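Here is the structure we will look at, set down as structure tokens.
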Amino acid sequence: MEKTNHSLTTQFILVGFSDHPDLKTPLFLLFSVIYLVTMVGNLGLVAVIYLEPRLHTPMYIFLGNLALMDSCCSCAITPKILENFFSVDRRISLYECMAQFYFLCLAETADCFLLAAMAYDRYVAICNPLQYHSMMSKKLSIQMSIGTFITSNLHSLIHVGCLLRLTFCKSNRIDHFFCDILPLYRLSCTDPFINELMIYIFSMPIQVFTITTVLVSYFCILLTIFKMKSKDGRGKAFSTCASHFFSVSIFYVCLLMYIRPFDEGNKDIPVAVFYTIIIPLLNPFIYSLRNKEVVNAVKKVMKTHSIFKNASASMAR
């Protein structure tokens, strides 16, 4: 199936998890369950935030958008993984590949900005509580979210445009389970210098800006917490930031491990699985299980839905 001539490649083969044919069925079932839980968890969180007026605050606006982007990330990758478990040739066209990368890049870039925005929101809430409503209003959080999507979309389009300038005439086998930028560089017959330059010009500043925002915000938060005389106040502040800090830590550790320089091969696949599939699965539970406001909102929505369901059943009788 692999191309050995120098004709231009318009289709690729996603090698993915084909090295383990004996695990095909268990892996298919595992990824199916992960995909289902991820979509239900994230879209359910978006629905709860939308339906509960008390959650229409900056923190939950950012959280809802984060859940939406995690759903986008999962939709961009997992369906193709599931299809390829039982596909004979595991092919993906060039334009399918570009579309998959576009949505992945959009989701991951937006995640970086949203996590930074959530860190800044927590900084304002803990370090400047009296000025919170003036420094972080609902209107500002909506504007920041819109700006995040516009910037992420432009960032993604820039890299897709640069990828389309490349010609692929080497092997058409992508040693990965999705179309990512670095594995595609390896297959290019065109010098990817401009593409790499775009990474340094656009992607690196985004990473530096968002990581710096998170680090500075949490440094100020920790200083404020340690200055608090009340144990209850410190406990409440730690509890407020713990879930976000845990999520941010996992996301950036995995992302930095993944984008490090690496050799030919598929050594980066386990890390890629974690940050593209596992993190979107975990996020709604990290932010919800220990959050009383979200838990109470879920109970309220379920109770309301149950009331409507019972009323409909009574009317049907």
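Glycine too: its Cβ is placed from the backbone N, Cα and C atoms.
Membrane topology from Swiss-Prot places SER134 together with ASN291 on one side. At the 8 Å Cβ cutoff, the transmembrane segment (199-219) and the transmembrane segment (94-114) share at least 3 close pairs (sequence separation 6 or more) and count as touching. Note: the topological domain 'Cytoplasmic' (50-56) comprises 5 helix, 0 strand, 2 coil (DSSP; helix = H, G, I, strand = E, B). Distant neighbours of the transmembrane segment (94-114): 9-12, 62, 65-66, 69-70, 72-73, 75-77, 80, 145, 147-149, 151-153, 155-157, 159-160, 163-164, 168, 178-181, 184, 206-207, 210, 251, 255, 276; these residues of the same chain sit at least 6 beyond its ends, with a Cβ under 8 Å from one of its Cβ atoms. For the topological domain 'Cytoplasmic' (115-144), the DSSP counts in helix, strand and coil order read 27 helix, 0 strand, 3 coil.
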